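Here is the structure we will look at, set down as structure tokens.
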Amino acid sequence: MAVGLELASRPADGKGPSDYSTQVHDQEELGRVGKKEVLKRRFGFLSIVGFSCTILATWEGLLSTFTVPFENGGPAGTVYGFIVVWAGTISTLTTLSEMVSMAPTAGGQYHWVSMMSPKWCQKYLSYLTGWLIVIGWLGAFVSTIYLCASQIQGLVVLNYPDYVATQWQTVLMYWGMMAVAVFVNAVVSTLLPKVESFVLILHIVGFFAIIIPLLTLGERNSTEEVFTTFTNDGGFATEGLSFLVGMMGSMFAFTGADAAVHMSEEIHNAARVVPQSIIISAFLNGALGFGIILSTLYTMTNVDAAINSATGYPFMEIFYNATGSKAGSTVMSAIVPIMSSAGSIGSLASSSRMVWSFSRDRGLPGWRFFSRVNSKAVPQYSILVVTVFAFLLGLIILGSSAVLNDVISLAVSALYSSYLIACALLLWKRCAGGIRPASEAPIDVIVNTPGAPLAWGPFYISGVLGIAVNAFTVAYLIVGVFFSFWPDEVNPTVNSMNWAVVGTAGTCMISTIYYIFWGHRIYTGPVVEIDLS
């Protein structure tokens, strides 16, 4: 049932007129997409930039998945593949920024899809997109904490070569890392913005703490070796095909680009700040990522030792060979799991907000339960469901560590598929002239209803350049989604096979079946909660 829009009361103490006007503006922006304020806006510009940067964690992610682009592409393929992915990510984030500026809501892609889809497929496309985001973010959270746990074991192996890592020990550490993320999100949630601001500093300082000793102490490969050496260890028909498969490592390092979007209802002046934060994170993370790739490739003088490292992570062996010190390489390597642990905190926050938002719109079974918030305006039950899912997946990983690779691929394929659907619709809508200039934005219309007029928000790229950016984004995402289903080698075994296609297709099939028999009666698109009149 719709309720009237109640604006914030004028502050008595401690807040000036600008704070009050921003608060009212945020409520009005949320009201235009049919939503009322439920969560508290605790994030400002710096804290959400930190949130975006540390979830992307690009330079850390590149070290974690280094073997993927190196084995299918070699040094040169790793460099050029990263550049392509970085350009595609900037384009994708620019397109997502245009949409979040139009409708800054925690639902993100599925909400925008509902706004822009033709009426005949509006509900279903929105519903499917919502499920893809949910499963993608669950995969991103799980892969982040598992990588952290396995890297801790790698550090133990680095210092104690006789130590034999076991899967049950990894899973116990995985659950421990998960508990830390849950504690910050559920118990001390009011401190989350401050935590993210601090982690941003660690993200930047940690980068320099690695590359300075690495480049100062390590021997160097030649520039020719780094920029002209291609490899095709996967045995694909051509080096070009191998290169495209190897790009998936860099794409995973940029996964989570929509993290800040799902926190929109907790950010002051979200229509402006969210686009700014995710664009900044794309450029900053890309620059740091490019720096770590070049530093690692130039100092990777013993390829066999790095690739076959007993730690399971080439970067640990590269650091050790460069410094000649176990203590020094341990400190340098430890920065990566520390940042992964910090990233898992934000990953759980985004995952839970997505589950909460989709439940609020009745998209998930048990939506009445998962859409509740506690007295601190924290979606505790959605945090609970994400945690339970991650805990249970840990039991599956206990049986086979190969599951992790599939979870990583699933995170990439599902999230990038959700970006693709939303970005393709934006391109279609703007080419058809279906989006008005910002100056003509209707102030008394709920924009997520079928046929409602749409208008640009404060951030958008006008004219032919905007269309070109959107078109490049769609082309890039099509390639990315397609190759996210490919295995790393031509003749994969059961363990090395990429099962992400099964997970993604399974998600689409199960959600479609649920929608046909039950969901279509409950899910009608994003629920209109207010009456602007």
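Cβ coordinates are placed from backbone N, Cα and C, and glycine is handled just like the others.
Residues or ranges marked as region 'Disordered' in TrEMBL: 1-26. As annotated by TrEMBL, transmembrane segment applies to 42-59, 79-103, 124-152, 172-191, 198-216, 236-257, 278-298, 334-356, 377-401, 407-428, 459-485, 497-517.
Counting same-chain residues at least six beyond the ends of the transmembrane segment (79-103), those with a Cβ under 8 angstroms from any Cβ of the stretch are 32-33, 62, 69, 73, 109, 111-112, 115, 226-227, 243, 246-247, 249-251, 253-254, 257-258, 261, 264, 270-272, 274-275, 278-279, 281-283, 286, 289-290, 293-294, 297, 419, 422-423, 426, 435, 447-448, 454-461, 466, 469-470, 472-473, 476-477, 480.
Highest Cβ contact count with the transmembrane segment (42-59) among the listed stretches 172-191, 334-356, 377-401, 459-485 falls to 334-356 (criterion: pairs under 8 Å). Same-chain neighbours of the transmembrane segment (334-356): 39, 51, 54-55, 57, 60, 63-64, 106-108, 133-134, 137-138, 140-141, 144-145, 147-149, 151-152, 155, 177-178, 180-182, 184-185, 192, 195-196, 199, 202-203, 206, 209-210, 256, 258-259, 262-263, 265-266, 315, 364, 370-371, 373, 379, 381-383, 385-387, counting only residues six or more beyond its ends whose CB sits under 8 Å from a CB of the stretch.
Counting Cβ pairs closer than 8 Å and at least 6 residues apart in sequence, the transmembrane segment (459-485) and the transmembrane segment (236-257) reach three or more and so form a contact. When Cβ-Cβ distances below 8 Å are used as the criterion, the transmembrane segment (124-152) is approached by residues 64, 107-111, 113-114, 117, 165, 170-171, 173-174, 176-178, 181, 255-256, 258, 262, 312-313, 333, 336-337, 340-341, 343-344, 347-348, 350-351, 354-355, 358, 361, 363-364, 386, 389-390, 393-394, 397, 401, 404, 407-408, 410-415, 417-418, 421-422, 425, 503-504, 507-508, 511-512, 515, 519-520, 523, 525-526 of the same chain, each at least six residues removed from its ends. Counting residues 6+ beyond its ends, the transmembrane segment (377-401) has Cβ neighbours under 8 Å at 38-40, 138, 141-142, 145-146, 150, 167-168, 170-171, 174-175, 178, 182, 185-186, 189, 348, 351-353, 355-356, 359, 366, 369-371, 407, 495 in the same chain.
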